[in-house]
Amino acid sequence: MPGNSIYPRGTTYRGVGDRVASILLDLPTRRRWWTAFLVSGALFLFLPATLVHLFIQGVGVWGVNIPVNWGLAIVNVVWWIGIGHAGTFISAMLLLLGQDWRNSLNRFAEAMTIFAVICAAMYPIIHLGRPQFFYWMLPYPTPFEVWPQFRSPLFWDVMAISTYFTVSLLFWYVGLIPDLASVRDKAKGRFWRVALGLAALGWRGSAMHWVRWRRAYVMLAALAMPLVVSVHSGVSLLFAAGPVPGWHTTIYPPYFVMGALFSGFAVVGMIAVTLRAWFKLYDLVTPRHLDLLAKFMLAIGLMTAYGYLFEALTAWTSGHQFEVDTLRDRLIGPFAPIYWGAVILNFAPIQMLWRRRWRTRPVVLFLVCLSVTVGMWLERYMLIISGLFRDYLPSSWGTYSAPWTEWLLFLGTIGFFLFAFVLFIRFLPMVAISEVKEVLFEERPAKRPAPEPAPRAAEPTNREPARDGLYGVLACYDRADDLVLAARRAVAGGFTRLDCHTPFPVDDLTEVLGLKERRLPWMVTGAGAFGLVFALGLLWYIDVMYYPTPVGGLPLEAWTAYGLPAFEFTVLLAALTAVIGMLALNRLPRLHHPLFEVEAFDRATQDGFFLVLLADDPHFDPARARDFLEGLDPAPALVREVPA
């Protein structure tokens, strides 16, 4: 195992927690943070200033015209959405594949997703011209009895982006809960303890909490993965579903998805290198993390290059004169500098990543990622503008030049992204503390004790014990394996009500305590099935019965068009049920618990492993429980009675 270790020797549970929590509580790089805060805040101010000018003057201050009615705003939508894809991909897909190296990158990658999606969502709302009525795009009954056009890719995008944002936010927050509790128990000031205590919802690391948390976390990952494909596929259909030359091709959905992951991985790479150097996270973001991240970039970059080649060959061999003309405009015409600039910036620097010595050099990786980020923006600009400026009618040909208002708006969204990220690293843990600790435990396990027979299941209870005014008797261990052994012996000794509290999930405890969670998966499955049936029924009823609108002589119902919005609603309802169900079954939020009164219990989120013999056991006797715990070998670090 040491040869495959992700983290260096000497990395400890408490060391990981201290390193990450110190950024929030002590801010060791205070001057750098304030510099970043002020610079990003200054850039962010361009956003409201430009929006005020835009709302007063109208969208006429943009450079859009006939025929280029989609300009820099839509270019930036596609670019920002693409950046937002890598966070979910890294976190969700690598979680499902059991890739532990994700644990140092997933938290800030997920934050990147959320901030990038917010930046992307701004542009379509502004582009409506009347942004205060953006909610008219949602299917809800109104006094006007006007419904969205469900066949429209614009409606598909509204559903896809809003669902993707919601599920990504839920996925991010569920992963944050144990880490918020970890920082809560380290905080000294009242502000931090109250704020983090509220955000952590009273998390205390119970074994059953961990079982349900993991179920919900994995189910959210499984739900988020198809969203990565559906969101950018939906965005691509805005272009591919139309007759515009250069857009009307079936390769756009996979081509856009690969390009999105490519640009997203590039931004994750830049963030990882920057935070690693800024906060000296060399033992958490190791050369192996950079190596694996660079390998993914290289692989996805090569797939994106194949998409470039396939798109050009498809247009060249199509026999469609306007498609060939659009390709010629890109290769040797007015858009040749942008096209070849995108090709060079995207695919020349990544060839350095074939060699490990370059993959593990932070400066090289940062420059490669920066090149790809700029190159992918040029590609989005080239794809959108070059397809519009010359269409089927030569009399309507035109040009497009983005004025300063569009550039300042773009600069403002970059400022918002950076500003939000600077606040994130200041007020929330940017590394998944509990997941890194779990990897440390799995990488360097102690010699496991031989299993002892467990004559009966010993599931923890949610009921409050009242015997002799006690909640139970608590024992603390310094090692997870000692806790597992003690729990086995407690079960074998006839204790039927016990619970364990740990800083990370310990799989052996699930078996020892006989913990099973069957309700949550059924709840999520039922919610998803209901969402699918409800969405399809609602769309059909509105189109056929309530508000029939003939379109192009087609049938009133459009089952193929219903697929994407119905899928999004299914995923949304299932994800909400997973989170709400997990919290409800765990009886969270609960801001006070008898265990919180035990002074040493704050180690339960740091490096302590606690066994609690609960007083609602029908045969509970405090003296017997205390004698049993004190007589165990290895002996616990402390034994305490916990008042109810």
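Including glycine, each Cβ sits where the backbone N, Cα and C put it.
Taken verbatim from TrEMBL:
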TRANSMEM  33-56  transmembrane segment
TRANSMEM  68-96  transmembrane segment
TRANSMEM  108-126  transmembrane segment
TRANSMEM  154-176  transmembrane segment
TRANSMEM  216-240  transmembrane segment
TRANSMEM  252-275  transmembrane segment
TRANSMEM  296-316  transmembrane segment
TRANSMEM  336-354  transmembrane segment
TRANSMEM  363-387  transmembrane segment
TRANSMEM  407-428  transmembrane segment
TRANSMEM  520-542  transmembrane segment
TRANSMEM  562-585  transmembrane segment
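Remark: the transmembrane segment (216-240) contacts the transmembrane segment (562-585), by the rule of 3 or more CB pairs under 8 A. For the transmembrane segment (154-176), the partner stretch with the highest count of Cβ pairs under 8 angstroms, out of 336-354, 407-428, 520-542, 562-585, is 562-585. Same-chain residues lying 6+ beyond the ends of the transmembrane segment (68-96) with a Cβ under 8 Å from its Cβ atoms: 62, 102, 105-106, 109-114, 116-117, 119-120, 123-124, 126-127, 161, 164, 168, 171, 175, 217-218, 220-222, 224-225, 227-228, 231-232, 235, 256-257, 259-265, 267-268, 373, 376-377, 380-381, 384-385, 388-389, 398-400, 402, 406-407, 409-410, 413.
Between the transmembrane segment (108-126) and the stretches 252-275, 296-316, 363-387, 407-428, it is 407-428 that has the most C-beta pairs under 8 angstroms.
If you count C-beta pairs under 8 angstroms between the transmembrane segment (33-56) and each of 252-275, 336-354, 363-387, 407-428, 562-585, the highest count goes to 407-428. Note on the transmembrane segment (562-585): residues 150, 155-156, 159-160, 162-163, 166-167, 170-171, 173-174, 201, 212-213, 215-216, 219-220, 223-224, 226-227, 230, 234, 517, 519-520, 523-532, 534-536, 539-540 of its chain, located 6 or more positions outside it, place their CB under 8 angstroms from a CB of the stretch. Residues 139, 147, 150, 212, 215-216, 219, 557, 562, 565-567, 569-574, 576-578, 581-582, 585 of the same chain lie 6+ residues outside the transmembrane segment (520-542) yet bring a C-beta within less than 8 angstroms of a C-beta in it. A Cβ distance under 8 Å defines the sequence-distant neighbours of the transmembrane segment (407-428), meaning residues of its chain 6+ beyond its ends; these are 23-24, 27, 33, 36-37, 39-51, 54, 72-73, 76, 80, 108, 111-112, 115-116, 118-119, 122-123, 126, 176, 180, 271, 275.
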